[in-house]
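If you check TrEMBL, you get these features:
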- B:1-44: region 'Disordered' (REGION)
- B:1-19: compositional bias 'Basic and acidic residues' (COMPBIAS)
- B:50-71: transmembrane segment (TRANSMEM)
- B:112-305: domain 'ABC transmembrane type-1' (DOMAIN)
- B:116-135: transmembrane segment (TRANSMEM)
- B:147-169: transmembrane segment (TRANSMEM)
- B:181-200: transmembrane segment (TRANSMEM)
- B:221-245: transmembrane segment (TRANSMEM)
- B:284-306: transmembrane segment (TRANSMEM)
Amino acid sequence: MIRSLRWKGAAFTVPFQLGFVFLYLLPIGYAIHQSLFLQKQSGLGLGGATTEFVGLENYQQGLTDSAFMTSILRVVLFACVQIPFMLLVSLVLALFLDAVTSKVAGRFRIMLLVPYMIPGVVAAIVWINLYSPEVGPLTPLGELFGFDWNFFDPSMVWPAIGNLLTWHGIGYNMVIIYSALQGVPRELFEAARLDGASELRIALSIKVPFVRGALVLTALLSIIQMLQIFNEPALFRNVTPETISDSFTPIMIIYNQAFNAANYHYAAALSVLLALMLGVASFLFYRLTSREAD
Amino acid sequence: MALTENRKENGEKNGKKNGAETAAGPSRGGAVRWRTRPDPAARSRGGQRFLLLGLVLAGAYSLFPVYWLIIAATKDRVGLYQSNGLWFSDFHLWENLQQVFTYEDGIFLRWTANSFLYAGVGSLGGTLIALATGYGLARFDFPGRGVVFAAVVGSFLIPIALLTLPLYLMFSKIGLVDTPWAMLIPCLINPFSVYLAKVYTEATIPFELLEAARIDGAGELRIFFSIVLRMMTTGGATVFLLAFVNTWNAFFLPLTVLRGQENWTLNLGLYNWTGKRSESGIDLTSLVLTGALLSIIPMAIMMVAMRRYWRTGVTMGALK
């Protein structure tokens, strides 16, 4: 390519590059910088606060902060249950859609995507009200079938949030898996049928392995989202503060440290830690699943 | 990326079978069209019935909360707490709407306008920047191109908290916190939009066309604004739509950078109302529910109007 043309091409990306530096690189650098300092009260707290360089002290504190570690463990354990369940349902529905007539598939695809287009905050508001013993229909419905459930009970909070996330996420994941399914060469099915394979067998032995890539991708995206979960617990906390503490998820702790405790330095260290863990988790997951594929 | 190619091939195969809408594929307007490929041999009657039953159940699960929300929005307080939750009682939708729009001097309208401003203007600017960047990355070979693209893809992994907190501190130093700029500026830079724009450019803008335009003496800017942008209408619409939805749905960023309620988004306002109802004496439940229903409407309209495009966007987004 001609030299001058190259630079003209590069010029098209300049606004983005400038913005990226200002809105991504600078904040990350600033967060890392902030995480190395700590506000300390001098004297008896009368002399005002001074900011001191403390090195990795904030990180040390974060790694031994039982509330932070508990919140991460809580979210990880929850992810281990909710994500496989949601992806399994999405996969089954995608397989169902793949096997019905295109007209039927089109209709149901839209129906299943309705929850996805609803803003997360609104979705949480709706489900919280559905769960509510005063307003929602689920409590009387449960009584009808002999269940005496209270969704705001500490033991029910995760299933309640899990159902909300599953409801919200099925459509999107299904679409991704379904579009991967559409790429399977139909000739493979013909051949398998001639060999006497059942439809179930075809689904399990041909279709599912074929969409492995899509499954890995949806799982990775879900893990990233789950470690950062904030909206849903924040809204639940608005209604049942006694069930959901303000240190329920990692991001809730970070937000509280920054805005309620005004401890930006510690909050910055925690968000860097969370980013590192997220990177490690994604990397491990990717390595594990891609090794399996070989 | 492999999937796009796959789909392209399928398009061609399909065309040979069905004759009609073939060459449409990725070349027309840049959208890779959705194509359902039936597999007729798979259909036994009993099996189909089983599949339908499963889909109907899943559909009911998906739609039930929306159905309930619509019904709940038509009820007054008494109806909400005492009538059957699954069916209409006395119709109070108009009163509820009036309440939503007049409560606290009509702050709800202000929030709606803010949401439209942030999502509309922010996404428009963001889309333009993304299209230029995507075009630059896809059609020019300049030093550092790989680095820029790596930054785009790598930034998908950065947690929001890591960006939002320092951004808040930086914005508060230059006096942007609590102004519309605190929401608008971050919307301008969206790596995911850039990624999509690059994919669309690769599918839409042939090198030969650019060569021809250059030989005819058109400048690079002119080529971008009068040829590339025009050919990217469909791709651009998808990028805009997804960015709009993202901004409309945003919660953590506005919660962090917007303090006074006159700059809030709909989401932030509704969140605040859910908190109020358990604190003070007023019951805001029907207000929250009617407001929630209202805030879905723009999404529903956009989704229906641009069904064909956004579906493509969602799946293309999955191909990274």
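Using the three backbone atoms N, Cα and C, a Cβ is placed for every residue, glycine included.
Below 8 angstroms of C-beta separation, residues 85-88, 289, 292-293, 296 of the same chain, each at least six residues beyond the ends of the transmembrane segment (B:50-71), sit close to that stretch. Tertiary proximity for the transmembrane segment (B:116-135) is limited to same-chain residues at least six positions away from its ends with a CB under 8 Å from its CB atoms, namely 148, 180, 183-184, 186-190, 193-201, 205, 224, 228-229, 232, 235-236, 239-240, 243-248, 250, 254, 265, 298. Same-chain neighbours of the transmembrane segment (B:181-200): 1, 4, 30, 117-119, 121-123, 125-127, 129-131, 133-135, 137-138, 149, 151-153, 155-156, 167, 171, 232, 234-236, 238-239, 242-243, 246-247, 250, 253-254, 257-258, 263, 265, 313, 316-317, 319-320, counting only residues six or more beyond its ends whose CB sits under 8 Å from a CB of the stretch.
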